């Protein structure tokens, strides 16, 4: 039988090419560009092509860099811990406690409702709630829990992490829920049959089988938090910095080479983190 | 003859909302016997098994094992163990850890539980596969592991939920002889749910036929097959004709119907179908009252005097082989 595409390899390449083209134009080229620019030089008013390590040298010898990276890691770690606990609990409830599929779908969609508004709006709406004279403080005062308004509610690490957890928990819920739904319910019965308590079933059966989902969710949350700058800016009232803000500041000052160098270092850091995570769990079977 | 370890179901009932899945069934499983719960899907046999196992709440009635009502105990405290239909092996644990799972839950120390699991693997001839993951085993091998895992708790009653349905026909026959052998060696009660009458006949000391949430008939395999009490049992066990005679409905085995000359039989009929089955020939006949009857005749007797579709014949039988049906 004659086929227009006799060469199966050719057909494969052609089918893959649109996506490859998109990735090349919008992922590979920009990254190459950033890497190239990171070696350029800059003065107060101009940037010029060059191949020099000044940007990296400055970056890697400045104590600011280390404290900002440390802060970024802190945000990532704390947010990861909270989103993991909350995300796992929500997914567990949806997957194992809600019996009917209809309710599972309905409740799952409910989780996504916040995503109908933009990130920024959801973030900003915390500000009147947490402010010095905001809803939270005035409620607590009227209940008599506190006498003075709490200052640390807004424009603090607390508010930054609160916003991160609020924004990104769903990225943990979805993959964990997905993995949990694939767990054969008779495994839970088998564990129960073998005398396992609810907690033993959780630690010996459910958590090990949910690991790939946990890992995918972790990758989402960690990369999102490490690359974020707007949440930190708004919620810390410009009082805290993370790597994203470092880059955004450089761009504001037209210091593109320096921004590019920071971006390259951040990219490498995130890739190392993901590579480390992937060493623990094989997520390929989940994809 | 009753013994201390008998399992007795007393007016056991399962309701889902308004539907009754198991309707006040009453039965005594003798200790050390191989019993099959047999019936079409939806007849309540699986619900019954799951209630005995403790995976389904009992709506009413009692399950008595060794003199205690176990109906409301957790599964692991009942002295029963269940082998699941799809085996339900933990995919992330090696074979030996799967078998040792319940000991781990009890807090038995690692070396001890692996030693014990090793013994069980030896019993089911799976020692060489101890370190493999379930996904690396064939269906039959997975079944042996599931068996070892169920047996490690030293149950008095082993519950098997359609254990052979996931296997191919060849393996099914082999595994069923192994199940039977194992049951004889261990001497514990096996309760095996199946919808295959050949499986039940091959394995069971006692067959419990269920239909519409009730037990239709229970007894030794040979009795249930040879003397069905209801039309349902006669038809479900297969190999029987249900004949309406002036005195009522009767069941008679197909191979106990003989074909005679047209005017010498107790019923007259016409041959409508003919099937060669190797050792025998099955004739489908239509009698005067539009009843379809199957007669299975030994091959040599048929070919000594062949009959063709369309021929008129007479049907005869020995009246002692007729079994009156109640429904």
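Glycine too: its Cβ is placed from the backbone N, Cα and C atoms.
As annotated in TrEMBL, transmembrane segment covers the listed stretch A:152-177 rather than the other ranges in A:48-73, A:152-177. Outside the transmembrane segment (A:256-281), and at least 6 residues removed from its termini, the chain residues within Cβ reach (under 8 Å) are 31, 34-35, 37-42, 47, 55-56, 58-60, 65, 69, 76, 211-212, 214-215, 218-219, 222-223, 226-227, 243-244, 246-247, 250. For the transmembrane segment (A:214-236), the list of distant contacts is 72-73, 75-76, 79-80, 83-84, 87-88, 119-120, 123-124, 126-127, 154-157, 159-160, 162-164, 167-168, 171-176, 179, 207, 242-245, 247-248, 266, 269-270, 273-274, 277-278, 280-281, 283, 286: same-chain residues at least six beyond its ends, Cβ to Cβ under 8 Å.
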